[in-house]
């Protein structure tokens, strides 16, 4: 027992230290740490270079807390009013986004001859862009003030909200309960989410006033406790832990949300890193090469559909061609959510090729996406777009002939 | 003409205000939820994209707002001069030997004695708009006063220490 504990400390300590060094290295190249954590997980896990034996259970629990913290922080970023307003104004963009990005994923799974459970999972993986990575890209490229940025953000918000419905269905279907119980879970989820939104809009102030901002320690414990508790209850009700955590984040508002974000950020960074490593751990690196080509194909296809999504969504609100392209290219990276969904599939033992495919897919999009998002800032790209716009103008509007 | 300031929510970040100037340029301010503010200038060729985004601290934003507000007030005063006959605006340099260097504006009692108002003070290329009675003069200040010819002459005399009232 004693020996086991010390080995655990050594493994966890070495792992976290290694991740810290990797993250630092990644920052130097402007790379998101997510792919590095995934690669680290691949290197350590089953069939990896250095298997972690003593700490795997510990990492597993840490990973679950990581998902919950990722989601509660996401919820804290948005207020209930914002979500509802967005749903009203940008619902068509969200619908385009779903059709253009979820369907190719599902179709691809069928093409590979996988079952429809795998299709459902892959649809989710290709659908959701990474709000964390994209927010970072936007601020790195100085585009927060751009006029197409609200379009990008509202697509992300709707995706995140849609997850509150998608995850319960996916959980129910994967648990093998079939479509009818799946639909009833969906009913429960819809009612819960709407109830939480209504309560948050009406009584968000009271809930938040219940927690004091003045004492950071008490705030940390109460917010973290409430989140884990609700996530656990949601898990028991088969609505998925992640959704429960997301809803807690939404229900909290005002100064409590602001302070909770600051207090929980370091915890989220720690456990999210553990989560990405854990996902890599559960994948055998030997399984990756065979699915590399399909993953590449899927990545190219669904990155293209994201560009179209952004293009159409930006056109809806009257953004010009360069802005539409910027919106489309920015939306490409997939990240934390895709891994959360794939993790769900791994937990329920869907097709064993799914996890390596998802790993490769996320690695490709999350590394190339932010690089491609820079394209519109290059001079040659701007020149190309300008020439194209000029040509379009000539085509649609003939020059007025002098009298 | 009324200027239309457009407000756009940025979910998860904060809010953006922007306006299109009569010269066709777009200027905006992104207010982050954590209190950070960015002044954003937009591209002429591609009005959707920001050319520069300048982060401002609280103090910097306040200083900028002050300068803009003060220059606006001076501009309006200049307009007033043309509109209201008999009412003048004048810049009066505080003489080096003035008894009011280092003293409060309230001590001059210019308004009650001359009817003219001190509406701004120019100091080191900075504009201090509507200084209060507790405002302290320094050497080389330039006082902007509004009043009748007689009132302004009175202010000049008081600041120079020439009057014995």
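Along the chain as shown, residues are numbered 1 onward.
Positions of Cβ are set from backbone N, Cα and C atoms, glycine also.
All annotation found in TrEMBL is predicted automatically rather than curated by experts.
Small disclaimer: the values here were computed from a predicted structure and weren't measured.
Pulled from TrEMBL, these are the features on record:
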type	residues	note
DOMAIN	A:21-373	domain 'Cation/H+ exchanger transmembrane'
TRANSMEM	A:6-22	transmembrane segment
TRANSMEM	A:34-52	transmembrane segment
TRANSMEM	A:58-78	transmembrane segment
TRANSMEM	A:118-139	transmembrane segment
TRANSMEM	A:151-180	transmembrane segment
TRANSMEM	A:186-205	transmembrane segment
TRANSMEM	A:217-235	transmembrane segment
TRANSMEM	A:292-313	transmembrane segment
TRANSMEM	A:325-348	transmembrane segment
TRANSMEM	A:354-373	transmembrane segment
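With respect to Cβ pairs under 8 Å, the transmembrane segment (A:217-235) is most closely packed against A:58-78, considering the stretches A:58-78, A:118-139, A:186-205.
If you look at the transmembrane segment (A:118-139), the same-chain residues 6 or more away from its ends with a CB under 8 A from one of its CBs are 32, 34, 74, 97-98, 101-110, 149, 152, 155-156, 159-160, 162-163, 166, 169-170, 173-174, 298, 302, 306, 330-338, 341-342, 344-345, 350-351, 354, 357-358, 361-362, 366, 369-370, 373.
Distant neighbours of the transmembrane segment (A:186-205): 79-81, 83-84, 164-165, 168-169, 172, 234, 237-239, 243, 247, 250-254; these residues of the same chain sit at least 6 beyond its ends, with a Cβ under 8 Å from one of its Cβ atoms. The transmembrane segment (A:325-348) shares more Cβ pairs under 8 Å with A:354-373 than with any other stretch in the list A:6-22, A:151-180, A:354-373.
Remote same-chain residues near the transmembrane segment (A:6-22) are listed as 33, 36-37, 40, 44, 52-55, 58-59, 270, 273, 277 (criterion: CB distance under 8 Å, separation of at least six residues from the stretch ends).
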